[in-house]
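Single-structure report; data block below.
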Amino acid sequence: MVSLGGLARKLFGSANDRRVRGYQGRVDAINALEAEMKALSDEALAAKTVEFRQQLAEGKTLDDLLVPAFAVVREAARRVLGLRPFDVQLIGGMILHERSISEMKTGEGKTLVATLPVYLNALAGKGVHVVTVNDYLAQRDAGMMGRIYGFLGLTTGVIVHGLTDEQRRDAYACDVTYATNNELGFDYLRDNMKYERAQMVQRGHFFAIVDEVDSILVDEARTPLIISGPLDDRSDLYNTINDFIPLLSPEDYEIDEKQRSANFSEEGTEKLENLLRQAGLLKGESLYDIENVAIVHHVNNALKAHKLFTRDKDYIVRNDEIVIIDEFTGRMMPGRRYSEGQHQALEAKEKVQIQPENQTLASVTFQNYFRMYEKLAGMTGTAATEAEEFGNIYGLEVVEVPTNLPIKRADEDDEVYRTAGEKYKAIIDEIKAAHERGQPMLVGTTSIEKSELLADMLKKSGFSKFQVLNARYHEQEAFIVAQAGVPGAVTIATNMAGRGTDIQLGGNPDMRIQQELAEVEPGPEREAREKAIREEVQKLKEKALDAGGLYVLATERHESRRIDNQLRGRSGRQGDPGRSKFFLSIQDDLMRIFGSDRMDGMLQKLGLKEGEAIVHPWINKALERAQKKVEARNFDIRKNLLKYDDVLNDQRKVIFEQRLELMDAESVSDTVADMRNEVIEDIVSKRIPERAYAEQWDVTGLKADVQQYFNLDLPVPDWAAEEGIAEDDILERVTAAVDAAAAERAERFGPEIMQYVERSVVLQTLDHLWREHIVNLDHLRSVIGFRGYAQRDPLQEYKSEAFELFQALLVNLRQAVSAQLMRVELVRETPQEPQPLPPMQGHHIDPLTGEDDFAEAPLLAVAPADRNPAEPSSWGKVARNEPCPCGSGKKYKHCHGIYEA
């Protein structure tokens, strides 16, 4: 029986269908302009950009210009690239312009779709960012699509790893900037560690289109971008605690695979306390006393390292290092490290060299970074399953765009076996059968371990005509993917998310030409061989089509339906035929964790014999329910993490905005004076409380405070002994004395140097205290969960205590700045080598690329600024024997270097 909702959808279409139909009027209007645009000369078409900008200046909106602007881009793409955006691509572009996520299947031309809203929004002159998952895609897309923008008079920049600040500044100044999500986030953090506005590279956050938006805004939401510096070596502590874990028995701890958590039981806690006491590591009586917070953190990490992290699944050991394996893609992530001591715990477990922990200097999550943009949109092939999350967290609606050609892929029901052995035997038989009939096959696994297990089984069965694509062999990855569509090819791959490469039936002709003709010079011979390769690939494509297209065989279900859908989506691109099927067993991770006993009992009752499989839509539905549970749990985790991160983010925004104001201000003297006066008021009110009798005044303490914060020896006890003196009189006298001393120093230094000194001291002190504050919040976060046992809401407690810590930061800032400025002296510089900045490193555990963009070289927080001869504040650190930047021709040490604050 059809439900009322189903009947309504049948009559009126779904909400998605209705929204897509709503764009048809504008699509028709764009199509109506096509002949007019074709008739324009190249110059006249390019001149449309100036015309549109003039119309914007006269009061028109971007929405008013959408139809003609899209028509211009379509014609430019046809002339420059030979590509004409289809009607569905125009719809995809409108969805992006309207701050939504455009879900378009693999091979539907998302890269070209982005050019439409990018051009339209770039007309506003505020800069548009197109976000990709790796440097290769950023450069490829900027190179290709930049030709369209260039033809229309817009500039295109690309941000990749290894650029100088000047190159980055130029790229961000362009109308359109292609960049990876990591580079954007790190540039934002680095900009907010600089001391001059001119040193900053980004110019604002207007409009961003995020490619693979589900990977970046969902998969990576739990892994912040971090810039860090090293702490002291604590390898002895890690090794000592690591040695305790094997001494525990199974009843000493509880493991929850679903929640990825490990906790000690009461017996385990007692045993651990005795071991820690013997090692001299336990303070007080209980492990959970507040002074043992750091030790609790270390023992929990050690337990997780032994009981939750599996070698060759979660990480591998290579060259005496722990290398993380990405759970989504199966790729190695060299240089990436687990944070908060977890990586060191794994190093201790595997007896490899323990690298020192890092202190966080600056961090931001992608959730909070991308929410800074005035307009945000995204593209992906798989977003519908995460629609609720996109709506709740980012305010983004997911709109499914129909394919240009109907999808011909057959998605078959799962085959479920009782044991993994039976499942693998069936998979091997299926692989051999597909190979014999010439059907290209992509075999998806969930980990390196599983892909190598299957490869070994295939070899033992006498079949060796396959390629393995996983973290161990990623150097050959591009070529393997390029040939995965050749008839009879068998490619075993860990999860294919974020690969960024289409599997073309018959193989990729461009990749073959690049590889086979790399040494052949341009000319008739090369042209003939290129033609031959293209003809051969076309014949192979026809053969693959006759065999049924690409067959995606998955050996296990991932806990996320989206990752499964990404794997399926590799087949059936651009209307090609294809097939997808999942082979499962009760012993698979997902089945084992979610109700496998019940299903195993049911299969036994059905009388399932060895080697037989059950295929039924009910099984698919049961698995989908299990996956939905996991997805809901993961969403709750991300939502909860965001609530905590929002507390830090609000404070981060205040600090970063304050830094910008300090950098932009002509002088910070008024700010410094306000800080000084607040410190005076604080110490006077503390030592001389309101309405207190003179005998209750702590004048000795006040005298000491004035000495500590202002470097002045004032006769406070003598003032207090005067007849009829009031607390206001003492406040006025202290203020007058401090102001006079500050004015005398300012006159002695001169206004130019004093401004430089004040700004430098305030910014550097603020940065130092902010870093300490981040560490304090991390520590608070690690223990706040225990408040739940006292029937108090941990989040509210965290908000309250984080606010108190922030207020303390502001008090410390006022005191530290006041104390430092009242002590700083101009001294003749003694010969010494310039001190280098401490090493800093960017980190981000990236669930997509596995490419180590940020571990190659230190990320220094302060890059050299452009030097203005008239502005000593712009010179930064100058070597003693360098020519003085003022242009005098003297060495710095004999000119402005004589004095150093």
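Just so you know, glycine gets a Cβ as well, placed from its N, Cα and C.
Sequence annotations record features per position, and here Swiss-Prot assigns ATP binding site to Q89, G107, E108, G109, K110, T111, D502 based on sequence analysis. Annotation for G109 (ATP binding site): same-chain Cβ neighbours under 8 Å, separated by at least 6 residues, are L83, P85, F86, Q89.
Annotation source Swiss-Prot lists Zn(2+) binding site at C884, C886, C895, H896, citing sequence analysis.
Considering only the residues assigned to ATP binding, Q89, G107, E108, G109, K110, T111, D502, the longest pairwise Cα distance works out to 18 Å. Listed in sequence order, G92, S102, M104, D211, M379, G381 are the same-chain residues six or more apart from K110 (ATP binding site) with CB atoms under 8 A from its CB.
In this view, the densest Cβ surroundings among the binding-site residues Q89, T111 belong to Q89, judged by other Cβ atoms lying within 10 Å.
Counting Cβ atoms from all protein chains shown, D502 (ATP binding site) has 16 others lying within 10 Å of its own Cβ.
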